[in-house]
Amino acid sequence: MARAIILMADSLGIGAAPDADKFGDIGANTLAHLLKAYYDETGTALSLPNLSKLGLIDACEAAGKEPCLVSNRSASQGAWGYAKELSSGKDTPSGHWEMAGVPVLFDWGYFPKTQPSFPQEFIDELIARTGIPGILGNCHASGTTILEQLGEEHVKTGKPICYTSADSVFQIAAHEESFGLEKLYQVCETARSLLDEMNIGRVIARPFLGSNNQDFARTSNRRDYSVLPPAPTLLDVLAKDGGEVISIGKISDIYAHQGITQKHKAPGLINLLKKTNELMQSAPDHSLIFTNLVDFDEMFGHRRNPVGYAKALKEFDDYLPTILNALKADDLLIITADHGCDPTFPGSEHTREYVPVIAYQPGMTDIPLGERNSFADIGQTLAQWFNLPALEYGDGFIDKLTTSK
């Protein structure tokens, strides 16, 4: 029986989506622009031989209609295409859920006011239920900038830092030692229950350490509290069929722990990839290994650091042969993304972009998949791969994969 491995390169968009104008994202192209920024700073094109060989650069140039500056480019030996998003938003849950067959066709709740951002009744109830002395922030903010601005006051007062963004999200930052990690999680759980009626997609715990605003840094103990997907996803269907659904990184949180049979955490890009390789050695047949590579988005996309993003992508490319060499004959590798986050774009938010659809099996030859009308095409393909009932959304391309070897 078959296995599948998904490497979700969080935020690796490859060109503005057809509806990018509705999001203020005309001209966005995460991959092409970080490659250009790297070239402009270093004078050399980034070498991504393994991702190039799988078709990532072909997909980016087809989707974004602009050149991708890479060296050591070789002909594709994988199936490659690009998908537009059917969901109404450009957020993390929408992208992940749609990829698993459940697009978000409703509108999330948001906090549109930049400051103060949150309803006073909600703040009052959160304080009453948790016993916190108040909150700091109450605004739209960059998660790193707000630590510099309010971290010391938080440590002195015990008031957690609460902030949001253009996404449907409520984020709480607190010091792991002075405030306490478990206390932070408890406050987040209370906030989650209060925000359900507002249809806020995620509450995120953002713990940090450090002694002053010069060295405050987030830790790896982030936790996401998502609402439940509105319908069963591919993960639920596979788990119900007796399969293993192995979450690595924040995947389990994003799917609100639905359809997950194993949960594994690892700090940082390379450790996430190493954990993936480790579990590929032991995962039984009829398993899905699903890894979110969050650093691309969190460390470089939102922080608008294109050269750092490029260097991280190079680390991914360098490790990729280890993953490829671990593939068995009946394994299918998928590399994709959940949205864009162009590090050269104004602001600090996600960007509405096409995402890569890369599929690879040992022995595969070049096969263009073209433009896909939904991220759900990936989920439908995996349903076919695992011989599961068809999902409601998505146009599978398994026939192209099985005839291309």
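Even glycines carry a Cβ here, placed using N, Cα and C.
The model shown is predicted, which means the values in this text are computed figures rather than measured ones.
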Given that Swiss-Prot records D297, H302 as binding Mn(2+) 2, the matching residue among H140, H154, H175, H350 is H350
Students should find that the Cα atoms of D338 (Mn(2+) 1 binding site) and H350 (Mn(2+) 2 binding site) sit apart, in Å rounded to an integer, by 10
Cβ-Cβ distance under 8 Å, sequence separation of 6 or more, same chain as D297 (Mn(2+) 2 binding site); the residues meeting this, in order, are D10, S11, T92, C341, H350
Ranked by how many other Cβ atoms lie within 10 Å of their Cβ, the binding-site residues H302, H350 are led by H350
Under a three-state DSSP reduction, the secondary structure at D10 (Mn(2+) 1 binding site) is coil
